[in-house]
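Visitor: Input: one structure, supplied below.
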Amino acid sequence: MYIGMTLAWDLGYRRTEIESDSLNAILLANGSVMKAGGPTIVLYIHELCGYQWEVKFFHIRRDGNVVVGRFSKVNLKHIFLQRNTAAAMAARKRASAKPIPPPTPETTTTQIDPPIAPPKKALIFIFCLLFSIPYFYLLYQHYKIEQDLRRSILINAALCVAGFFLTQRMIPVASRYVSKRGLFGFDINKKGTPQGDVKVPESLGIVVGIVFLVLAILFQYFNFTSDSNWLVEYNAALASICFMILLGFVDDVLDVPWRVKLVLPSIAALPLLMAYAGHTTIIIPKPLVSYVGQEVLDLGWVYKLYMGLLAVFCTNSINIHAGLNGLEVGQTVVIASAIVIHNLMQIGASSDPEYKQAHAFSIYLVQPLLATSLALLSYNWYPSSVFVGDTYTYFAGMTMAVVGILGHYSETLLIFFLPQVLNFLLSLPQLSGYVKCPRHRLPRFNPETGLLTGTRDGTLINFYLRIVGPKSEKSLCIHLLFVQALGCCFCFMLRYFLAGWYK
């Protein structure tokens, strides 16, 4: 029965019926008469039943199962004959005379790793189709972008496409390794249902981070020369991102306390802060020039302090606005898409070569983030096959902070992070210790209705549920990502209406 279920899962069947003429086997498989100390094989059958598929067990009379019984006996006899023959041949080749014990069900079944569900390719295809319309329109039609700059952007995009497929192939492989090492979790928002008992591999953000770094390093061969002014800052940015990936994975393994988590991004940002050689000035908004007395203000070391605080905020804001299948990766995809569109608009509208190069620099790092995140989203979307872990949230937040700093549009970046800013303000009383903060500030799940209900915890998720009422996890995630997209659209509108008046 177990071998048949494993074979059906591997072949992709997600609605399976199991028939047996043994009533005891059917009762054990259904969990009706399971007792303490029962057969181990029954536990593996129950674990298989917890996968994301539909399995039904039926008891049939023995006289109605004669043909299948004869075939199964012949097949099993053939399998055991092959195994015994192979064992005998291996024993002759060994100098030792110790007999080889026949494999038991326990030893054979423990070698079978539970596979994860296939990626949601249709979701990714729809998003890519929608995103490609403004992307290619701005790149080819609306603005006259220099040929060399457009070529570099497209080479970077081609590498990102390869990185997308590489990430999709590596995630199932990495999930088996992290599961063997005990890096798995249970979906709290499905507690009380069969899906809530399924072990979900964690910390798969490490795959996205590794592929991202490979793409960003390879791109240097096509774009930067050894005497390029941007090469130092580019490698410093990669060093900070790599440092953040390492610290995020350490957090996943060691479960670092919250107060330490606030310090980690400032440590990872050190390579970027030390290598930063750009200007430390800010343009005073025109309505405030008469009060300040000058149009440009040099902040000096205060500007670098601001850069470090921005890295801390972006990294932790992604980390605390989480808890739903697909929310962490989804918000990153939405913000990264808005950043790419913003950079293309700034490149097309400007005539300053250095200003264009700064925004192109941003695109070179954001496009790999977007491509690898889409691959992860195909597995992390509801229902999640893998969890991203703090590795991904730290990596994504640091990457967007780096491009906002070196692209010199940190104000715009903060408006893109408007839902994260609101979530931070709602969370501040609990994060500061003024209000008791539980370990998981998630909404309450009702296994009977399958809906989430908002609690009194200070998060945007609970705040939204208290306003609109109970919702399913998938529906709630879609609503929150729509709010994220509205925040990005608000930023574009704000820049359009305030252009020429604000700065």
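Glycine too: its Cβ is placed from the backbone N, Cα and C atoms.
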Visitor: May I ask you to indicate which of 30-49, 330-349 is given in TrEMBL as transmembrane segment?
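Guide: Checked against TrEMBL: transmembrane segment maps to 330-349.
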Visitor: Between the transmembrane segment (262-284) and the transmembrane segment (394-418), do 3 or more CB pairs sit under 8 angstroms, pairs being 6 or more residues apart?
Guide: yes
Visitor: So what's near the transmembrane segment (476-498) in sequence-distant terms, Cβ-Cβ under 8 Å and 6+ beyond its ends?
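Guide: For the transmembrane segment (476-498), the far contacts come to 324-327, 330-331, 334-335, 337-338, 341-342, 382, 412, 415-419, 443, 452, 460-461, 464-465, 468.
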Visitor: Give the one range among 122-140, 204-224, 231-250, 262-284, 361-382 whose Cβ atoms make the most pairs under 8 Å with those of the transmembrane segment (305-324).
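Guide: Against the transmembrane segment (305-324), the leading stretch is 262-284.
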Visitor: Flag the pair the transmembrane segment (122-140) / the transmembrane segment (361-382) as in contact if three or more Cβ pairs fall under 8 Å (sequence separation 6 or more).
Guide: yes
Visitor: Other than its close neighbours in sequence, what residues sit by the transmembrane segment (361-382), given a CB gap under 8 Å and a spacing of at least six beyond its ends?
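Guide: Here the qualifying positions are 116-117, 119-121, 123-124, 127-128, 152-153, 156-157, 159-161, 163-165, 167-168, 171, 204-205, 207-208, 211-212, 215-216, 219, 223, 230, 233-234, 237, 324-326, 328-330, 332-333, 336-337, 339-340, 343-344, 388, 392, 396, 399-400, 402-404, 406-407, 409, 473-474, 477.
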Visitor: Any chance you could find the range in 204-224, 262-284, 330-349 with the most Cβ pairs under 8 Å to the transmembrane segment (231-250)?
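Guide: It is 262-284, which has the most Cβ pairs under 8 Å.
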Visitor: Over the domain 'RNase H type-1' (3-71), what does the predicted model average in pLDDT?
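Guide: That region's mean pLDDT is 71.
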